[in-house]
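Colleague: Structure incoming, see below.
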Amino acid sequence: MIARNQRTRVAVVYGGRSSEHAISCVSAGSILRNLDPERFDVVAVGITPDGSWVLTDGRPETLAITDGRLPEVSAESGTALALPADPGRRGELVSLSPAAAGEVLAAVDVVFPVLHGPYGEDGTIQGLLELAGVPYVGAGVLASAAGMDKEFTKKLLVAEGLPVGDHVVLRPGRANVTLDERERLGLPVFVKPARGGSSIGVSRVSDWAELPAAIEAARRHDPKVIVEAGIAGRELECGVLEYPDGRVDASTIGEIRVAGVRGREDGFYDFATKYLDDGAELDVPAKVEDDVADEIRRLAIRAFRAIDCQGLARVDFFLTDDGPVVNEINTMPGFTTISMYPRMWAASGVDYPTLLAAMVDTAVARGTGLR
C-alpha cells in the first residue's frame, strides 16, 4: 500500500468508456503535471475503454497526443483495482490482481474525475463516489447528468429565463425532422449526440438531403440526437469556479475563431480543429466591450446555478446581434494544454496550480451527501 503522509491524497481518474477517452487522458496529463506536489500526494487511476480500473504510474508524457497518436489506457497500463462503494472503506483502492487480490493499494482523500462524456461526466462516477463516501472535484450527480444531456440543459436554462437556441430532439425510433421543424430551424443545422462532447459525432448540415447521414453519424455515439439551428455569432466562453467558502466567480471571456480548415470553408470547430491541427485561433481575453463581457459573466453564473452545478464549469455562448445565447454547459471542461478553461483563469490572474488547488479544496470542504 502507498503510505499516507500529511499531504491531501488526490486520485486523478481518467480515460473511461466514452468516445472522449483520449481527450480525458490528455486532460489528466496536464492536471498531473500541474497539481502542487507540496500540497497534494497524487495517485493516477486510469479506466480502460471497456471500463476496467488500473493504478498507473501517472507519467504525464504518456498521456499526450504524439504525432497524431491518441493516448489510451489499457489493462497493461497498471494494476487492476476497484473502489468499493462502502463509505466505511474510507476511499480505499483495492487490488484485483490475482497475486494480491483484496490488498489495499492506496487510500485517497478526494477524487478528481477528469472524465469527459458518458460513464464519467454524466453523474455515473459521481454516484459511485457518493456511495463510497469519497469527496470529488466538480458537479454532483444531478448537475453532471443535466449538463451532459443537451436537451435537459436547455430545459433548465429556459426555465431560468436564459436565452438558448432553437432545437429539435430526436429520440430512438425517430429519424427525421418534420417540414414545420425544418422551416423553423432553417439551415444550416448542427446534428449532435445529445450526450456527448469534444464535437465527436457532430455534423454541420447545409442541405436537408445530408440530414439522414448526419443523424446516423450522431447515433454511433448516442441513440438520442439533437438538431440545433445554426446561430450566426461569435463563439465566446466563460469559466465558472466555486471556492471552498461557497463564493462563485466567473473568468475573463475567451473567444474561438475558426476559419476554413483543411480546405473547408464551414468554420466548424470540430474534433480535429480542437485537438489535432491549428485551424482555430483562441483569443483570451476576447475582444468585446466591457459591458458585454460583464453580461456574459453574469449569464455564466446564472447558467451554473440553473443546473445546480458545483465546483466548476465552462459555459459556451454565441454572441449575436441580439445579444448572448447560451449554447452549452461543460461540467468537466477540457484541461489540455490548449483548453480554454485554464487559459481564461490564467488571464484572470489565477495560475494553473492555484486553480487546481481551489477545485480540490472546494471538493474537500463540500464533502459528500445531500447539500
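In case you wondered, yes, glycine gets a Cβ from its N, Cα and C as well.
Pasting the relevant annotations from Swiss-Prot:
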BINDING   182-237  ATP binding site
BINDING   Asp316, Glu328  Mg(2+) 1 binding site
BINDING   Glu328, Asn330  Mg(2+) 2 binding site
DOMAIN    154-361  domain 'ATP-grasp'
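Buried or exposed, and what's around them? Tell me for each listed feature.
Modeller: All chains included, 16 other C-beta atoms sit within 10 angstroms of the C-beta of Glu210 (ATP binding site).
With a 10 A radius on its CB, Glu328 (Mg(2+) 1 binding site) counts 20 other CB atoms from all the protein chains.
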Colleague: Round to a whole number and give the Cα-to-Cα distance in Å for the pair Arg182 (ATP binding site) and Asn330 (Mg(2+) 2 binding site).
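Modeller: Distance (Cα to Cα, whole Å): 28 Å.
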Colleague: I need the nearest neighbour of Asn330 (Mg(2+) 2 binding site) among the binding-site residues Gly196, Ala217, Asp316, using C-alpha distances.
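Modeller: That would be Asp316, the closest of Gly196, Ala217, Asp316 to Asn330 (Mg(2+) 2 binding site).
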Colleague: Hey, how far is Glu328 (Mg(2+) 1 binding site) from Gly196 (ATP binding site), Cα to Cα, in Å?
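Modeller: If we compare the Cα positions of Glu328 (Mg(2+) 1 binding site) and Gly196 (ATP binding site), the gap is 11 Å.
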Colleague: Note down the number of other Cβ atoms within 10 Å of the Cβ of Arg182 (ATP binding site), including every protein chain shown.
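Modeller: So the number of other Cβ atoms within 10 Å of Arg182 (ATP binding site) is 16.
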Colleague: So which of the binding-site residues is most packed in, judged by how many other Cβ atoms lie within 10 Å of its Cβ, out of Val189, Ala217, Ile231?
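Modeller: Answer by Cβ density within 10 Å: Val189.
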